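Chemist: Provided herewith is a single structure, encoded as structure tokens, for subsequent inquiry.
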Amino acid sequence: MADDDTTARRPVLSSFGTLGRGWLGVLALLLVIGLGAWAYQLQHGLIETGMRNVFSWGLYIMLFVLFVGLSAGGLILSSAPKFFHSQRYEGFARLGVLVSLGCIIVAGLLILPDIGRPDRIYQFVTSPDFRSPMVWDFGIVMLYGALNVWYLWLLTRRDLAARGSRLSLWVSDSAAGRDRDRTLMFWTAVCALPAAVALHSVTGWIFATQVGRGDWFSPLVAPVFIAKALVSGLGLLLVVSILADRFTAFTADRGELTSLGKLLGIFLAFHVVYLLAAERLPHAWAHHFGFWAITSNFLIGDTVYFWLWTGLGGAVPLLLLATPSLRRRTAVIFTASVLAVFGTLFEGIRLVFTGYQRVNINAAPGIATGGEYAGLTTDAWATAGTYTPTAVEIAVTVGVISIGALIVMAGLRYLPLQRAAPDAAYATDGGDRTQ
């Protein structure tokens, strides 16, 4: 047991080998390119992006939604067992919070290039308009990031103290201290679960409350966003866990991996099958009163993004995880998880396109795009929203994502993410409870 404890208190990545240093070099290069692209965008303005008046939310917001969901789902899955006094999936808790922290930092940073004038972001604090969902979302993102930092430190600080790390902030390792930490973990989970639900619900309501965007208005928007967070968050946690098990000293329990794969299948069924039907079927019935017309309207997607989400990112991983003989294989769990995250990405892309493709003034000349006017064509006006991300947007986005990847790499290198052995279950008063 002592050897197990000593091993658990070490980082799962003792040093960066050739592969690790190469990966760090790639991430650092992408970060530098991203910073350069952002500087170029700041100098020339948002005209360097593909966004215009008729399509004012682009790649930054699409991926903001994705990474908010990845973070919320990761923290929900890491904190829910502690809330219910369960030791199940304990081996994934620390890694899950680390991934959640990296994702929420990426999500928060993606706001900066989207607003065009990041030097004015302080006005969220100095002169907030509480009628705007954006103010609430900004506040929750900040609170959520701080909660992730606190929770990750709380989960690891005793092991950090046991090996004399300065990251423990001079906290000592003792039996009484660990008992107190168990109590704090419970109450942190009490705060983390509603915070995670609020984070992604408010993000969904930002879309639903936009004036003049009827395609986004739905009472199901918050449940859909929470389901999306559970699918993408668990999918990313499984991907990172399997990769960490393969390339570091982190050990992912095979039984719990299989169980989490089954749970991912349940989340996929609820999200892609039930909630999709609950949202689309009433609309189909309202427009078509024949059985085949209703069925075809429900099944036929609006765009290719619909099929990338529901087919490749929904039906395929669901079938893989619903087959008992397949979901026991780590490679199958990994593939299904990648596809689930991939599908969630295209669901977000489809969501933004759904709201912006149709404009409220569809008669000529339409809406001023806000772009350049050559004087020979009608490119200054548009009656339909179109969008293609520019190289500047892609470079900035990849640079921001590289920051999240670097945070996860740093956590693997410097934090004790492996649990040695199950502790006794804990009560809210800090005492032990036998299971």
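The backbone N, Cα and C atoms fix where each Cβ goes, glycine too.
OK, Swiss-Prot features for this one:
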type     : residues : note
TRANSMEM : 22-42    : transmembrane segment
TRANSMEM : 57-77    : transmembrane segment
TRANSMEM : 95-115   : transmembrane segment
TRANSMEM : 135-155  : transmembrane segment
TRANSMEM : 186-206  : transmembrane segment
TRANSMEM : 220-240  : transmembrane segment
TRANSMEM : 257-277  : transmembrane segment
TRANSMEM : 281-301  : transmembrane segment
TRANSMEM : 304-324  : transmembrane segment
TRANSMEM : 333-353  : transmembrane segment
TRANSMEM : 392-412  : transmembrane segment
Chemist: So if I exclude everything within five residues of the ends of the transmembrane segment (22-42), which remaining residues of that chain have a CB under 8 angstroms from its CBs? That is, six or more out.
Modeler: 16, 48-49, 112-113, 118, 391-392, 395-403, 405-406, 409
Chemist: Name the range, of those listed as 95-115, 135-155, 220-240, 257-277, 304-324, that has the largest tally of Cβ pairs under 8 Å with the transmembrane segment (186-206).
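Modeler: So the stretch in question is 135-155.
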Chemist: Which residues, given as numbers and ranges, are at least 6 beyond the ends of the transmembrane segment (257-277) yet have a Cβ under 8 Å from it?
Modeler: 88-89, 92, 220, 223-224, 227-228, 230-231, 234-235, 237-238, 241-242, 298, 309-310, 314-315, 317-318, 321-322, 327-328, 330, 332-333, 336-337, 340, 343
Chemist: Is it the case that the transmembrane segment (333-353) and the transmembrane segment (304-324) have 3 or more CB pairs under 8 Å, with pairs at least 6 apart in sequence?
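Modeler: In contact, yes.
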Chemist: Same chain only, please: residues at least 6 beyond the ends of the transmembrane segment (304-324) with a C-beta under 8 Å from a C-beta of the stretch. Say none if there are none.
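Modeler: Residues 261-262, 264-265, 268-269, 271-273, 276, 332-333, 335-337, 339-347, 349-350, 353 contact the transmembrane segment (304-324) from elsewhere in the chain.
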Chemist: Going through 57-77, 95-115, 135-155 one by one, which has the most CB pairs that fall under 8 Å from the transmembrane segment (392-412)?
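Modeler: The stretch with the most contacts is 95-115.
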